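Pulled from TrEMBL:
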type     : residues : note
TRANSMEM : 12-31    : transmembrane segment
TRANSMEM : 84-104   : transmembrane segment
TRANSMEM : 124-150  : transmembrane segment
TRANSMEM : 285-306  : transmembrane segment
TRANSMEM : 313-334  : transmembrane segment
TRANSMEM : 354-373  : transmembrane segment
TRANSMEM : 393-411  : transmembrane segment
TRANSMEM : 448-476  : transmembrane segment
TRANSMEM : 532-554  : transmembrane segment
TRANSMEM : 560-578  : transmembrane segment
TRANSMEM : 637-659  : transmembrane segment
TRANSMEM : 728-752  : transmembrane segment
Amino acid sequence: MGLMSETVVQTVIPAAAAVGIMFALLQWFLVSKVSVSGGSREKENLMGDEEEDADDDAVVLKCAEIQSAISVGATSFLFTEYKYLGIFTVVFGAIIFLFLGSVKGFSTESEPCTYSKDILCKPALANAAFSTIAFLLGAVTSVLSGFLGMKIATFANARTTLEARKGVGRAFITAFRSGAVMGFLLAANGLLVLYISINVFRLYYGDDWEGLYESITGYGLGGSSMALFGRVGGGIYTKAADVGADLVGKVERNIPEDDPRNPAVIADNVGDNVGDIAGMGSDLFGSYAESSCAALFVASISSFGISHDFAGMSYPLIISSMGIVVCLITTLFATDFFEIKTVKEIEPSLKRQLLISTILMTIGIAIVSFVALPSQFTLFNFGSEKIVKNWHLFFCVSIGLWAGLAIGYSTEYYTSNAYSPVQDVADSCRTGAATNVIFGLALGYKSVIVPIFAIAVAIFVSFSLAAMYGIAVAALGMLSTIATGLAIDAYGPISDNAGGIAEMAGMSHRIRERTDALDAAGNTTAAIGKGFAIGSAALVSLALFGAFVSRAGLKSVDALTPKVFIGLIVGAMLPYWFSAMTMKSVGSAALKMVEEVRRQFNTIPGLMEGRTKPDYATCVKISTDASLKEMIPPGALVILTPLIIGTFFGVETLAGVLAGSLVSGVQVAISASNTGGAWDNAKKYIEAGASEHARSLGPKGSDPHKAAVIGDTIGDPLKDTSGPSLNILIKLMAVESLVFAPFFATHGGLLFKWL
């Protein structure tokens with residue numbers, strides 16, 4: 001046994017979750033102190049450097065009005081989306097119950113365990129019931145993560161704008177704190193619900209830990225299936241509006257981004273909240289839930305589970321608890337220890353967050369590994385036992401953590417306009433949109449190299465040290481600093497919205513420059529966030545794949561057998577099919593949006609002169625309807641593939657499909673995200689005109705700038721719809737196969753049985 005008793009573990013985990021929630025509420029309270037109602041108190045707070053904004057109250061009121069429009073739009077969209085998801089959850093929950101219940105013909109008799117045949121375990125029917133409950137819990141937590149994130153973001157966007165009047169540092173802290181609220185709530189909620197579920201399920205399962213942790217895998221499935229629809233639906237929503245607004249507004253009408261005359265502008269800002277915030281929240285929660293579930297499942301069939309060592313068993317949860325504490329300290333570095341004075345300090349400060357959290361977390365992992373784990377134990381390794389020492393696991397988790405940092409930094413290099421790759425893309429705009437597109441695509445493909453090597457090293461080291469469990473905890477290591485990762489990530493859309501509000505409220509050019517600087521840094525951090533999500537998805541899926549292979553009773557997967565090879569090649573095709581669906585959805589929704597925006601400009605008298613208001617509601621409706629209708633086919637593709645292949649072709653072919661989709665999905669996802677991010681920042685680089693080179697390409701409205709806008713518009717669906725949704729495709733298919741593995745192992749492969 002390790003040094004920690006079960007009682008200590010049972011206190012530490014909920015305590016860490018409680019600390020996370022308290023800290024999130026504290027940050028929220030600090031953000032709420034920025035007043036969004038006008039009044040004399042604001043006047044005194046304005047620092048000396050702001051002499052303009054004489055009609056100050058009018059500006060504040062205008063900000064509040066825009067904020068409420070965005071909030072109402074986002075809330076109503078999410079409620080509509082959740083109505084559809086509610087129906088899906090009930091139906092899919094029933095499918096889980098029926099499929100898993102039928103494994104032993106719905107019998108309520110105890111039966112020999114899958115791995116230790118000499119002990120009796122709870123019936124398969126119990127596994128069916130509890131997997132369904134875990135699935136529902138995961139789904140609810142995932143939806144809640146996204147919804148709370150959206151609420152906080154729409155609460156903070158106007159406050160960031162108003163703080164920008166007092167200086168860039170104040171605005172940065174407001175946006176960052178709000179991101180932290182989301183990060184900590186999500187990390188703490190995910191941990192707490194998982195912890196409570198395990199303890200409640202134990203009341204029934206008692207000593208049958210194998211059955212207990214197998215049914216807990218439903219939690220990951222629930223989290224990711226909601227994330228899939230949230231990501232795809234939100235991504236289609238935000239990009240239809242964005243592409244429509246940009247093409248007509250910037251390219252045809254030559255009006256600035258977020259100009260209040262543009263009918264699609266509210267829909268565009270709502271989209272940032274439902275896609276980048278709610279979607280991202282659900283997505284990272286899904287990764288977190290699955291890596292925990294994969295690690296717990298593999299541990300339950302190892303010596304931890306067999307000898308009922310609760311502290312060793314809860315190692316993944318204790319790592320996450322340590323992560324919350326580490327991220328709390330890291331956050332203080334950005335908000336309290338260092339003050340940001342100039343625009344140049346924004347990006348370094350966000351990068352420092354990644355580095356500080358990684359260094360502190362490495363120390364944290366060392367402490368947890370030596371306190372919670374026995375000095376030596378055995379881990380399940382496809383039918384054999386592998387002897388592992390506690391420092392092996394320290395290396396597994398750390399290598400995942402540092403691989404995450406490597407992916408983050410490499411992403412930053414390829415998407416930030418401070419470095420040559422993006423500047424080269426911007427430079428290629430001289431000769432028009434075509435060269436811009438060629439350079440951007442090349443950059444995306446090239447940006448895959450470093451992350452893949454980082455993932456490969458992490459896989460090799462962790463698998464060599466601790467078999468499949470090593471990979472699962474490496475994924476957890478990458479996600480252990482999730483609270484900081486999400487804070488950095490949510491910061492992006494909040495700043496983006498703040499800039500939009502500043503433009504719509506007609507604030508001065510100087511304030512718009514500050515919010516633009518916050519937003520450009522936010523673009524890069526969003527790309528870093530996506531890098532993390534994709535990297536962790538690759539490791540999580542591999543761990544789930546290993547768990548699936550062991551649960552389905554396969555000793556090994558041989559790529560030379562035709563059954564497996566056809567699976568590989570079909571699996572590798574799926575990310576392309578999926579991307580085609582999501583890209584086309586964005587394209588067709590954007591087409592409707594462009595037509596509507598053009599119609600309003602052409603038929604509403606006085607719109608271009610700013611005498612009348614555009615009809616924002618119609619544009620919001622176009623985005624909403626399109627995204628709800630279009631999220632169903634890609635979602636169905638991902639959800640149905642494992643069911644159909646497992647049932648008709650059996651577990652070997654399904655293993656091939658999972659491996660194929662993992663290998664090709666990671667490449668497509670990284671290149672799509674980084675290409676889009678680079679095009680976006682190349683456009684911002686030209687607009688900001690901060691260097692001699694950038695000024696030679698500008699100003700806004702010049703030919704190179706128009707070419708950059710076209711690149712940015714092509715990149716939108718790549719970076720915000722297809723790319724980020726692909727990591728969910730990889731994870732979701734793997735976790736779904738794991739949950740349904742008992743069914744596939746018993747009844748699967750119908751076609752090959754008939755042949």
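Along the chain as shown, residues are numbered 1 onward.
Keep in mind that glycine also has a Cβ here, set from the backbone N, Cα and C atoms.
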Any chance the transmembrane segment (393-411) and the transmembrane segment (12-31) have 3 or more Cβ pairs under 8 A, given the pairs are 6 or more apart in sequence?
no
Count the CB pairs under 8 A between the transmembrane segment (532-554) and each of 12-31, 84-104, 285-306, 354-373, then give me the winner.
285-306
Apart from its near flanks, which chain residues at least 6 from the ends of the transmembrane segment (448-476) lie with a Cβ under 8 angstroms of it?
287, 291-292, 294-295, 298-299, 302, 315-316, 319-320, 379-382, 386, 388, 392-393, 395-397, 399-400, 403, 406-407, 410-411, 531, 534-536, 538-540, 542-543, 546-547, 550, 666-667, 670-671, 674
Check the transmembrane segment (313-334) against the transmembrane segment (560-578) for contact, please; criterion is three or more CB pairs under 8 Å, pairs 6 or more apart in sequence.
no
Folded-back contacts onto the transmembrane segment (560-578), same chain, C-beta under 8 angstroms, at least six residues removed:
634, 637-638, 641, 645, 649-650, 652-665, 668-669, 722, 725-726, 729-730, 733, 752
Tell me if the transmembrane segment (12-31) touches the transmembrane segment (728-752). I count contact as 3 or more CB pairs below 8 A, with pairs 6 or more residues apart.
no
Residues sitting near the transmembrane segment (637-659): Cβ under 8 Å, six or more positions beyond its termini, same chain?
92, 95, 225, 228, 541, 545, 548-549, 552-554, 557, 559, 561, 563-568, 570-571, 574, 577-578, 581, 728-729, 732-734, 736-737, 740-741, 743-745, 747-752
